[in-house]
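Following: one structure in structure tokens, then a few remarks.
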Amino acid sequence: VHTTRIDHFFLTGFPGLSTQYYGPVSLLLLIVFLAIAIGNIFILVLVYRERSLHKPTYLIFCHLALSDLAFGTVTLPKIISKYWFDDSVVEYNTCFVQMFFVHFLSATHSCILMVMALDRFIAICSPLRYSAFTNNVASSLCGVSWCLAASLLVYVLMNAYGLSYCNSNVIVHCYCDHHTITTLACENIRLISTIAFVSAMLFLLVPLAFIIFSYFAIFFIVMRISNQEGRRRTVSTCTPQLLITLLYYTPRCFVYLSKFLGFSLSLPIRVIVVMLYSLLPAAMNPLIYCFKTKDIKECLSKRSKMTKIHVGLGKR
């Protein structure tokens, strides 16, 4: 078998997209990238500067914002360049670096969502113990999430890096991912694919199972609150986390379940859905933080009033 090692890949982007739409698509992706960057940097700066937000919940938000910001930075510039400048070439090593960060950040995101659910679980189900859930504890758990994702995925991705690629160097996707690249290998990838699938399910299903358990426990606690106002206030404290979790997991579960149910998505639709569930949460999360979190809304309101006062004094 001819196994000449290739030194670059070509990204196709969205399959079947006509060249006349390259400009609008690149502009849309640029807007999404700017929304992700501005929104998540805003959250990071706001939490850093406001001492009233130096709490476990918001430190976890910051870790999530950092992973969202990094994911958008890793994936979007190249695909924007492909449509803007017709630059679809990705160097071999660059592609595998991107692949690592795509899966590393996705796995980290899932783990941080689990930490977020733990935060709400302790706060609502065991409020007397919540004082033990300090900023240091929250930061340590998020740090473990980053390290665990990196350590487990290095092995999986190094296996893919060591394969010989001779079938093709065209990646039918908007970025380099494990499944798309390994299918281009001219070796038997059954074992590597199995290990990668098990790793993906580990990072998807274990956090999801814990999150479901946590919110069911919270639901039963809330149902036992007789006071309507108390019940509403308790629900409002975990609404942002629940929305963020649903936004992240719902489309992912749809894609994975479609395989098991025999419902096959066409390749163009699959790429679009993957891009949506990869980028939509990163763009929407800052809005959810700002409009659904009481403390952040109060900080923004206070800053807005101070700005108006300074403007009024300046005019005098």
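Placement of Cβ uses the backbone N, Cα and C atoms for every residue, glycine included.
TrEMBL entries are annotated by machine, without manual review.
Annotated features, as they stand in TrEMBL:
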TRANSMEM  21-46  transmembrane segment
DOMAIN    39-289  domain 'G-protein coupled receptors family 1 profile'
TRANSMEM  58-80  transmembrane segment
TRANSMEM  100-118  transmembrane segment
TRANSMEM  138-158  transmembrane segment
TRANSMEM  195-222  transmembrane segment
TRANSMEM  271-291  transmembrane segment
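The transmembrane segment (21-46) and the transmembrane segment (100-118) are not in contact, since fewer than 3 Cβ pairs between them lie under 8 Å (pairs 6 or more apart in sequence). If one looks beyond the transmembrane segment (58-80) by at least 6 residues along the same chain, the residues whose Cβ comes under 8 Å of a Cβ in the stretch are 11, 13, 26, 29-30, 32-33, 36-37, 40-41, 43-44, 47-48, 90, 98, 101-102, 105-106, 108-109, 112-113, 115-116, 119, 135, 138-139, 142, 145-146, 174-175, 244, 278-279, 281-283, 285-286, 289, 295-296.
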